[in-house]
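Asks: One structure coming up, written as structure tokens, with questions to follow.
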Amino acid sequence: MFNTNNNSYRARKFRALKLTSISTLALFWLLSSGPNVQALDNNSENLSTSVSVTSTIDSSQSIDTTTSEISTETGVAENETTTLISTDDSAPGVQTRAYSAASDTEEASISKDFYENLTNERVDYTSEIGFDFYSELPAPGAKADGRGEPLEKLISNYGDSYANDSVLSEDVTRFRRWEWQDLYKSLDQKAQENPDYLNTYRLQAEVYLVNKNYKEAFSQLDRILRRDPSDIHALSLSILAAKVTGEKEQVKNRLAALKYISPEAEEAVHNVLKFSDANNAKKVNYGSDQLTDMVPDVIAVFGQSPNPDGTPSPALITRLEKTKEMAERYPNIPIVLSGGPVRYEYAEADVMAKWLIENGISADRLILDDIARDTPGNAVGMVKAFKEHGAKKVLAVGTILHLPRATTVLKAYADAVGYDITIDSAGGGTQPSGSKQESERLYTYVNALRAGFLYTKDDFAKFSRRTVKVSYKDQDEKVIEEREYKLGEKIEFPTFARDGFTLKGWTTNSEGTKLDEFFPKSDATLYAIWEKNPENLPSEKPKELSQTGSKALVIEAPGDKESYKKAESSTIVIKVSEENKHSLPETASTVAQTKSLPKTNSVNNFAYSLFGFCLVGLSFAGRKKRFKNNV
């Protein structure tokens, strides 16, 4: 009875051993004949959210559909700062990436490759916009020095943009002190020693314009523009220089250039120049009486230098007499007196106040601004006083010669600081000569731009080059994305991804050649050059490894026999999501964790098969012998 049961037990065990041997043989057979399969990544954090397959022509160069050199920690191409923006509905399957650029405190200059033509004599931004450069002139002679240190704190300030410039700060101090001899010499020496330091030319131009060295200012501004024709500050001041030197064609051409570079800057500069034109003595009949019947709520008197002993000069007396006349006409309004100790130690405002009080005007009506150095400085102090007293209707008093400049500058400054005023005027003295009127007309442009904050370098920081729109399209005219760039900015071509294709570059039309670089001069369209990826896998249908519910793992086979032959060293990469990882069959899970497995058609295939058969045969032989002995 015992032997019978034991024999039955051994028979069952023998059958189990046969099945095990056959399974072992089948496994060896699969290993010897299957493809080379490698896991993409054992790091679950980097597993894709879907299963996909990528075929390669050789095992070291994988073709990916998003970007190369993907970081295992961030999923972003190394050495790039990228953010995935969107998948455009108009171009299905195309993903866009936005590239962040380092922000500079100062707008970078345009590459010289942007310009249609750029020589030492001329610049052409386009075929229709350009101008000739002004002649390079030596430094002018300096006029006599002013009072030095006592002038330094007067208003308006000079050279604010360069006050903290390590190269030019001392020159700014000389500028404010009117130490012209040392200033001209110092700046000229620095310009020669370091001709590529553009701020030196800027400060020279600002100094020269204040001192009516208009041609030399023009020359220095164009030294900047020869190096960078997109410089908004230099281009704007060069329009002023062209205006005051009578270069009408240059004014027109440079305004067009500025409008092309920065429409906002052109509008601001052009408006001040037009306002100055509309208010000069040729357009307005300035005289000894008011121009309108406006009843003012304040009288504003522009000062003039007194005699060395502090008494009013003859020219100042004419202003004071007109002030007394207007004060008596409007006896209940305040009077603002503006002028500092410019030429002498006596402040102009103090001298005027003393004379008016001595001539019957109440001291209670007088408001003194005793720190103004010039007409723009007068405007600063006056508007401050207007604000404090709520004055909006201003009666300006000066000499008839000075009134066009005085009223233009006052209005330009008030507009610039957002204080709305209406100005009428009355002048002392006699009608000036034509030559004096012309000199005043030209100098009004300089003063108006200074008062309107359109003069020194920092004044133009609020403007930038205009933007242009670049549309990125497929060859079939579908828009992938639209981006804005600064005019003339060299485009860093964006990277897009499209299933089954590689982006080879960009072209300006659907049949054009690939662009090596691109500087947009206006709104533009660029077309993607897509190259279809080679089909390296056989045409047989994908093999289904496993399916759990609606989730399936699929390995795509090579597209055709010929490609298959060329891809013997190719790799099939399986991207497995963390969500699907645990639903894989045991075999697939083992494969996905294996770094390297036998390759197709390996020379060891026969050995694996023979080894498997031997194991089965030995198992049968050994079991049969032991079975007989037991019986």
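Glycine residues also receive a Cβ, built from the backbone N, Cα and C atoms like all the rest.
Below are the features listed in TrEMBL for this protein:
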SIGNAL    1-39  signal peptide
REPEAT    198-231  repeat 'TPR'
DOMAIN    297-413  domain 'DUF218'
TRANSMEM  606-622  transmembrane segment
Asks: Per DSSP, what is the residue tally for the repeat 'TPR' (198-231) in helix, strand and coil?
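Replies: Taking the repeat 'TPR' (198-231) as a whole: 27 helix, 0 strand, 7 coil.
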Asks: Near the repeat 'TPR' (198-231), which residues from the same chain, at least 6 beyond its ends, have a CB less than 8 A from one of its CBs?
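Replies: Residues packing against the repeat 'TPR' (198-231) from afar: 109-110, 115, 118, 120, 123, 125, 133-140, 143, 158-159, 161-162, 165, 167-168, 171-172, 175, 180, 183-184, 187-188, 190-191, 237-238, 240-242, 244-245, 247, 257, 261, 439, 442-443, 446, 455-457, 465, 487-488.
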Asks: What average pLDDT does the predicted model assign to the repeat 'TPR' (198-231)?
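Replies: Per the prediction, mean pLDDT sits at 98 for the repeat 'TPR' (198-231).
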Asks: Could you give me three numbers for the domain 'DUF218' (297-413), the DSSP helix, strand and coil residue counts?
Replies: 56 helix, 21 strand, 40 coil
